[in-house]
Amino acid sequence: MGRIAAAGKSLAGALSLLGLSTAFGTSVWVTFISSYVLANVLPRQQFGVVQSKVYPVYFQAMGLSTGLALLGHLLGRGSNFVSAKSEMLQAFNLVAAIALVVVNGMYIEPLATKAMFERMRIEKEEGRGRAAGAELAEEDAEEKEEEETNSRLSRLNSRVKRLNSYSSWLNILALMALTWHLVHLGHALHAVAS
């Protein structure tokens, strides 16, 4: 029975490390590298389309891999889980990371994508041809319509920036939670090796 328990603990540890390393690496890559590279290389409209396709997959991968880390953490601790406050605290830490990812993926990201596509639609409509040499009354109407459009675009730009800022902060907080768990595992590994 001891070998089966040891094998189960090893499997749980592997699941935990696989989930944590996948979540941590994915988060660092998307948060600090790919988003900035793509934003600097692609035109804004293309970047928005790429972002709208990549982020839902990113949040799903983050939720699943962090959930795998949590599952491995819980299964690997067995009966020690309830008695060790640090193990319980780490479980809550991973649950918090999952909650941040879920809120970001199911609420913030869809709102940001919707606002971004609305902004792109208005910009596209704004760019459509205007008659040159129109009469004065038509010019006044066009100026008023342009002011309204600029006002809507300004509000949408503010909304997109605000939602992207919220999303970035949630990403950073989730990464901090994963980093805390990584440090916890490092301390545990050091304690076993000593």
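Placed from the backbone N, Cα and C atoms, the Cβ positions cover glycine too.
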Which is it, of 33-54, 55-76, that TrEMBL names as transmembrane segment?
55-76
Mind tallying the domain 'TMEM205-like' (18-120) by DSSP state, helix then strand then coil?
98 helix, 0 strand, 5 coil
Can you give me the average pLDDT across the domain 'TMEM205-like' (18-120), rounded to a whole number?
91
